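**Q** TrEMBL feature annotations, pasted as is:
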type	residues	note
TRANSMEM	21-42	transmembrane segment
TRANSMEM	54-74	transmembrane segment
TRANSMEM	81-101	transmembrane segment
TRANSMEM	113-132	transmembrane segment
TRANSMEM	144-161	transmembrane segment
TRANSMEM	190-208	transmembrane segment
TRANSMEM	215-235	transmembrane segment
TRANSMEM	359-381	transmembrane segment
TRANSMEM	393-416	transmembrane segment
TRANSMEM	436-460	transmembrane segment
TRANSMEM	490-511	transmembrane segment
Amino acid sequence: MNKLRKYFEFDTRKAILRKEIIGGISTFVAMAYILAVNPSLLSSAKWSGNASKSQIMGGLFLATAISAFFATMVMGLYANIPLGLAPGMGVNAFFAFTVASSQGGMGLTAQEALAATFFSGLLYFIIAMSPFRRKIMQLIPKNLKLSLAIGVGFFLAIIGLNDAGIIRTDAFTPAKGVVVSNTIVKMGDFSNPFVILAVCTLFLMIIFKVAKVPAGMLLAMIISAVTFAIMTNTMSNAKLHINHKDWGGLIRPYGDLKGIKHVAGSGFSSMGSALAKPMTYVAILTFLYQDFFDTTGTLNAFGKIMDLPEPGTKKAKWFRRANHVDAVGTVVGSAMGTSTVTSYLESSVGISSGAKTGVASIVTGSLFLLAIAAWPIMGVFLPVSVTNTSSGLIFPVTAPALVIVGMLMFGSIRYFNWKRSLDVIPLFVGLMMTMLGYSISLGMAFAFVTHSVVYLTVALKQAIWNKRGRTLSNHVSDGEMKENLFKTEINWMVLSLSALALIYIATIPLYA
């Protein structure tokens, strides 16, 4: 027992076993929604083969649970910090609705997207093992990083509102030059009881969030799920507009979990076809980018909360190891059949409950494994097929969670430095292209390119005016005027990423 206390630094961190257990449970409860949301999102991707929807859902549920179990356990045992990991929100939406979209997207199948995820995990591990990791973070301007995070938040909110049936975004282009709707966004059908349930669930989550109810999101989902079960057992399918053919019912058989054979390892069998497609490499770099910045930002935040050694210093062993775990988690997760595995902000719930060591992560990871037994009742969390919507599917229980997560990600806008007025331009362009283009990667690409165009213009004008002995003080802020823009805003890393983004934009006609 003394050896374990020493290994987990109980005395150094003044940890208490009871609080570690409570903290681990709290983190799991706060993260548990991913077991329902991730399969729902990823099942919307373009899966090749003849597996049924329920088999894909069952396989993805098992892949999500096992990936979260493995990564969180290793985080506790190896990095010794109370941080939960699971397939990340945002990147799973990018996976399902852009990279492997059933509407076209980048033109990859879900299996090929898993291959791209695998390679991104390997690259991340190589970067995490080298000093290059910290250098990259230093080279991307803060406002630009915030712009991208805000854009992902907006995109998640739109996906959530659409999946809930509250709004409808019909203007997809399933074939080149074909638009199936003349409206970008319109209101959903509020005569559908499931849409009303989704609205109530959303407001319940907001109320719990404002009231700071512990695990409020999961609690709201449970209440919504119970209501959903009552509705489907007391109201006729005609009133609920349920599609009889596609309705799977509330109770799901354990046999659906055998669907893991359709998702686990499928990325390896599709590597050949994936590597033959140019867009695979764009997907790899985008997955890498999202995972790298999400993890680094999360770890920096938790390091400050827990008063751990500053990242970048020799004493910050926890930070280096946590990055290793995150990368390995993505590799294992892609092998199991799920999108990028990353660190979760919801771990703050466990930390606020007293968790200080990796013991809490071991508890959280164990609960993810035990959660596999709950599959039969997952039917209440899964999408229902209805007849009076354009997409045919409504996620009344889980979709509101996407809106809340998007709202939380949008909250990072408070850190945006509004004094740098030029940075508002790439922020605005990125947001517009993300929402109206219905693509995270498109918004990111336009944000990078716009940022580089803006500051290359300023740098050129600055050089010309300096030769003439004039000043730009009336056109840009003092900070922007005095700094060397080629070291800050348009350094080699920003220009390299902008060049990749430009290539991505130029290739859009190939798969649009």
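Indices start at 1 and increase along the chain as displayed.
Placement of Cβ uses the backbone N, Cα and C atoms for every residue, glycine included.
Locate each feature and note its surroundings.
**A** Only residues 6 or more beyond the boundaries of the transmembrane segment (54-74), in the same chain, are considered here, and those with a CB under 8 A from a CB of the stretch are 31, 34-35, 38-40, 42-43, 47, 83-87, 248, 252, 255-264, 325-326, 328-329, 332-333, 336-338, 341, 361-362, 364-366, 368-369, 371-372, 375, 378, 382.
Long-range Cβ contacts of the transmembrane segment (113-132) within its own chain (Cβ-Cβ under 8 Å, at least 6 residues beyond either end) map to 45, 95, 99-100, 263, 266-268, 270-271, 274-275, 280, 283-285, 287-288, 291-292, 320, 323-324, 326-331, 333-335, 337-340.
Sequence-distant contacts of the transmembrane segment (190-208) (same chain, at least 6 residues past either end, Cβ-Cβ under 8 Å): 164-166, 216-217, 219-221, 223-224, 227-228, 231, 235, 239-241, 384, 386, 388-389, 394-397, 399-401, 403-404.
Using a Cβ-Cβ cut-off under 8 Å and counting only residues 6 or more beyond its ends in the same chain, the transmembrane segment (393-416) has close neighbours at 33, 36-37, 40, 89-90, 93, 142-143, 146-147, 149-150, 152-165, 192, 194-195, 197-198, 201-202, 205-206, 209, 217, 220-221, 224-225, 228, 345, 380-386, 423, 427.
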**Q** Of the listed stretches (21-42, 81-101, 215-235, 359-381, 436-460), which one yields the highest count of Cβ-Cβ distances below 8 Å with the transmembrane segment (144-161)?
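**A** It is 436-460 that shares the most Cβ pairs under 8 Å with the transmembrane segment (144-161).
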**Q** Short question: which residues 6 or more past the ends of the transmembrane segment (359-381) have a Cβ under 8 Å from it?
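**A** Those are 8, 15, 17, 20-21, 23-25, 27-28, 31-32, 35-36, 40, 58, 61-62, 65-66, 68-73, 75-77, 81-84, 86, 221, 225-226, 228-229, 248-254, 256-257, 350, 397-398, in sequence order.
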**Q** What residues in the same chain, six or more past the boundaries of the transmembrane segment (21-42), come closer than 8 Å to it by Cβ-Cβ distance?
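**A** That would be 57, 60-61, 64-65, 68, 82, 84, 86-87, 89, 92-93, 95-96, 110, 159, 163, 214-215, 217-218, 221, 338-339, 344, 346-347, 349-356, 359-364, 367-368, 371, 374, 378, 381-383, 395, 397-398, 401-402.
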